[in-house]
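Enquirer: Sharing a structure below in structure tokens format, with a few things to ask.
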């Protein structure tokens, strides 16, 4: 009985340690797996709208990336910083002209923010799209004119092993 209990406890610990790691996800070869999503940095310098269209074409349910907590922010900061360091990077956050609220392109709720000090400032009433700021190692956000050219980060939720 003691061995069975010990083995069961060990399996439970392994299961909990793997949960949330993306260990059971199928991300394409060159995409980062984190939590329940896959991410990829694209180096083409494009407008926010072009980046969003490109992401949608890459994978089923793909969008520009949305960031929902500090852990995800740090993971993506490290990922981008290891590959890039020159330009700000588009993410999926955009100011709705309809209601003046910042919204994620994937429709998820804006539950976490990491704006640079004094941002968003909507300079000259022309900054409706958000970037991960190169000057903060991609940890903080800035609002920018949507027609500026930047690399971008796509995200999608893959099928799990069980659903594959």
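Using N, Cα and C of the backbone, Cβ positions are placed for all residues, glycine too.
Feature list, courtesy of Swiss-Prot:
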SIGNAL    1-23  signal peptide
DISULFID  27-38  disulfide bond
DOMAIN    34-155  domain 'C-type lectin'
CARBOHYD  35  N-linked glycosylation site
DISULFID  55-154  disulfide bond
CARBOHYD  109  N-linked glycosylation site
BINDING   127, 142, 143  Ca(2+) binding site
DISULFID  129-146  disulfide bond
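I'm curious about the neighbourhood of these features; can you describe it?
Expert: Here the Cβ of residue 38 (disulfide bond) has 22 other Cβ atoms within 10 Å, regardless of which shown protein chain they belong to.
Residue 55 (disulfide bond) falls within a helix when secondary structure is assigned with DSSP. Taking the Cβ of residue 55 (disulfide bond) as centre and 10 Å as the limit, one finds 24 other Cβ atoms among all the protein chains shown.
Using a 10 Å radius centred on the Cβ of residue 109 (N-linked glycosylation site) and all shown protein chains, the other Cβ atoms total 9. In the three-state DSSP scheme, residue 109 (N-linked glycosylation site) falls into the coil class.
Spatially close to residue 142 (Ca(2+) binding site) yet at least six residues away along the chain are 88, 115, 116, 119, 120, 130, 131, 133, judged by Cβ distances under 8 angstroms.
A C-beta separation below 8 Å, combined with a sequence spacing of at least six in one chain, links residue 129 (disulfide bond) to 48, 90, 93, 94, 95, 143, 144, 145, 146. Classification of residue 129 (disulfide bond) by DSSP places it within a strand.
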Enquirer: When the number of other CB atoms within 10 A of each residue's CB is tallied over all shown chains, which of the disulfide-bonded residues 27, 146, 154 has the maximum?
Expert: 154
Enquirer: Please identify, from the binding-site residues 127, 143, the residue with the sparsest Cβ neighbourhood, meaning fewest other Cβ atoms within 10 angstroms.
Expert: 127
Enquirer: Give the residue counts of the domain 'C-type lectin' (34-155) per reduced DSSP state, in the order helix, strand, coil.
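Expert: Helix, strand, coil within the domain 'C-type lectin' (34-155): 31 helix, 38 strand, 53 coil.
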Enquirer: Beyond the listed site residues 127, 142, 143, identify every same-chain residue whose Cβ lies within 8 Å of the center of their Cβ atoms for the Ca(2+) site.
Expert: 119, 120, 121, 122, 123, 129, 130, 131, 141, 144, 145
